[in-house]
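Annotated features, as they stand in TrEMBL:
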REGION    1-65  region 'Disordered'
COMPBIAS  17-37  compositional bias 'Low complexity'
COMPBIAS  51-65  compositional bias 'Basic residues'
REGION    113-146  region 'Disordered'
COMPBIAS  122-146  compositional bias 'Acidic residues'
TRANSMEM  383-401  transmembrane segment
DOMAIN    396-826  domain 'Citrate transporter-like'
TRANSMEM  407-424  transmembrane segment
TRANSMEM  436-456  transmembrane segment
TRANSMEM  476-498  transmembrane segment
TRANSMEM  559-585  transmembrane segment
TRANSMEM  673-693  transmembrane segment
TRANSMEM  699-716  transmembrane segment
TRANSMEM  770-790  transmembrane segment
TRANSMEM  863-888  transmembrane segment
Amino acid sequence: MNYLNNLNVFKRRRNTSSTDSSSAVSSPASPATVDAAGTSAGAAGNEAGTPRRKKTKKKKGRKRTISVVPISEVTEASLELWRTLPPKIRHDPSMVSFQQVELEHARLHGDCHEDSFPEIQGLEEDDGEEDEDDEDEEEEDEEYENEFITINVTNEEGQAKEIGHVKEKKEIPKPHVHHLAGHYIGNITPPKHDDINDTGQTNLDEDHPFRKYSKIICLFITWLLIMSFMVVKDEKMVEPKHLSISPGKTKAYILPHLPQSTRIKVTLEGTFLSEPYSNITEHYLEVYLQMLSSTLEGNSSDIYSSSSAKNISESWYIPIVHPYLFDSAPIVKEQRLFDIIDSNYEQLHQTNGGLVRLMIRSNIQASMPIAIRYDQSPVNRDVGVIYAAFVLIFLYVLIIWEIVHRTFAAVIASTLAISILAALNDRPTMEDIIGWIDVETILLLFSMMILVAILAETGIFDYLSVYIYKITNGKIWSLIHCLCLCTVLISSFLDNVTTVLLMAPITIRLCEVMDMNPVPILMAITVHANIGGTTTPVGDPPNIIITSNQYILKHGVTFLTFTAHMLVGVIIVVITTNIHLRIIYKNINHLRMHEPKELKELRRNIKVWERAAGKIPPYSKDANIVRETLMKKVKLLRHQYKKKMTKGTVPEDIYRSTLEELQREHPIKNRPLLIKSGVVCVFIVSLFFLESIPELRRLSSGWAALLGVVLLLIISDKNDMDAVLSRVEWPTLLFFAAMFTLMEAVERMGLIDWIGHATETIILSVSEDLRLAVAIVIILWISALTSAFVDSIPVTAMMVKIVVALSEKAYLGLPLQPMVWALAFGPCLGGNGTLVGASANVICAGIAEQHGYRFSFMDYFKLGFPIMLVSVLVTTGYLIMAHVVFAWH
């Protein structure tokens, strides 16, 4: 008697009292009655003499096993094919239909054992209720997710071969230690994460000899060029000359040498009015150049009466203050580059005894003293722009491909820029170079590094890490969002650099506790620090430059107005950036230091089941039944893998034990020092706020931070200064000094002015109706893209002049405030584009490297540049809607 017919008879006896055998055989079993069939089959087996199994007590949280294929569709051929599968696959709950049929067959033939099918010995009897939702069905095999199986396949030579079986490497057991990043300082620095390969071994391979010697040769050639230019050319010393401009007369100052190019750079210092106030006075100083084509002898009156004089430049008008204010007005410096056309230049050099004189006169009835400097061989801006672009490309090649350390790259590039200036007959003096370095920024960085080093001794960073870990309940994304929002709030009122110095140690500690890679989280908080700094006038140095401009202050840009307009845009950008981060790190494993073992097992299981399905030839219906069953299991495993892959939580038991251990091991270590440090922090922040009030502005940010640190060193009685100074990031400070020098040299070559003039030309080229929209787009995108590769401070200083100039031209009809908001957003958001785009980025990289986690220029570029583009795009839409469509201003 066929065992399938017997099985259907048993099913029919359970569900009905009818004795019509043919009806039972012909009616297919529905999927809902599969478990019932299995139960009736077990009852029949007991009647046949098989010992009754104990009813398994239902375990809490266990899902009912539902077969993929109804029992009625299991044929003898498909059952024979099922028997050829490996044991682990045959015993899987998804194969329950085949298992039950095989069990009935074994019982009918008297060769069944209790442990023949352990996976179905504990199956529950169907209570007739259907699952409430599909999620129960998808998670039914959760307890089998870590199974691993072996498939034996016969090769062409007839030998058995194992596939899908990978022996797991034995790992050296490591104690579960919740160390914090701060413990590395002064002890042993952990290996960098990018120096560790997949096998867990440190990669100690040195550079390839070709690359090594190529690098040395190229850098040596660069050094030779720098050396030759610096040795051949002297420093350019431009001494000032003091003149007195008499009323009603024109002062002629003869240049002692002929110009060496078609350009002459003239610098005047006197009681001038700055450009924004040029329209409030009628007193001007007129300056122009004249050429004398013959040798003149005699006194100055002969020079004035010479008929051979010829004007070779346009007049330059400089507004001056009223004569009554000469004694109290500040000294203002003005510069102008006079262009001499080629024909006049050739005539000047072809004529014997040709001279060039500077003609100066005023329209006031009083003598006016001025200081004059002239440069007869200024840098040719057309050529200088090319050289400046070359130096910047050279710098980014060194940094992007990590040929040398970024600090050494900045030193080489800045030295090369100075040597190029020397080659262009414009070598700066050492006094000029020292003046290029922004000492205020260096002082602020130095002071805040010492403050953070002392704060670390109190254990406050560890304590805050534990607190954030507690309130986020071990959820990765909750932790990331919490850190990012805290960073935005802090950077709104503190400098971005200060914010990163405070938040980076906390982030590293939390990531190490949760076995996460700190690098992407550190880059995320740096991005949010730059975004948050956009909110207020004191949040970022470009904002300070913008709101310190007197013309802008006179036109209603106050602290509250600035914050109100910027806050809306910042909120939109923060939301967009967080969505962007969720999309980028959709796979939570990209944020982990190591992939969890259970995911590795699931991934290998999926491959094994796919291989098993691929071994079944699709030639018959019976084979397709088994194949579909296997592919259903693959789909289920894939769903489980995807769910666990996106699940960003720490297991509850591990979370609780870790939290208790952290709370016990990391309390506040030095409460008196913490109180003193807190008082000093409040003092420094108060001085930062006072700096934003013009009437109370006495101390800069650098001085405020330094005075606070000195106070903290006094009241904390710190004697071991070597330990404190060892925590200062000296390479970072040197990097900033080199970058300041490089940017000033690039500006001296004319690159910044070239960008500014190109921007102004584009804005003036469109129709009047579109000028505001075009001005917003141009100012925002030019400043953002430029700030991504050039320091934002010189870019902002240059763009402020453009914004003020565009607003002063009444015929353009451009309101000032929308352009100010665009300029404020541009450099701050553009700083997220590259690693050297903002000071906070470099500081964060330095802190990460100090703790043993290093990220390169390209690592940051892959995350920061797309976020920067999206942020600027969103901000463009916000500004257009607010000021072009609704005219909020």
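Glycine is treated like the rest: Cβ placed from N, Cα and C.
TrEMBL: automatically predicted annotations, no manual curation.
Counted over residue pairs 6 or more apart, the CB atoms of the transmembrane segment (699-716) and the transmembrane segment (673-693) come under 8 Å in at least three pairs, which marks the two as touching. The stretch in closest packing with the transmembrane segment (383-401), judged by the count of Cβ pairs under 8 Å and taken from 476-498, 770-790, 863-888, is 770-790. Within its own chain, the transmembrane segment (863-888) is flanked in space by residues 520, 523-524, 526-527, 531, 565, 568-569, 572-573, 576-577, 580-581, 584, 772-773, 776-777, 780-781, 784, 788, 815, 817-818, 821-822, 825-826, 829-830, 832-835, 837, 841, which lie at least six positions past its ends and keep a Cβ under 8 Å from the stretch. The transmembrane segment (673-693) and the transmembrane segment (407-424) are not in contact, since fewer than 3 Cβ pairs between them lie under 8 Å (pairs 6 or more apart in sequence).
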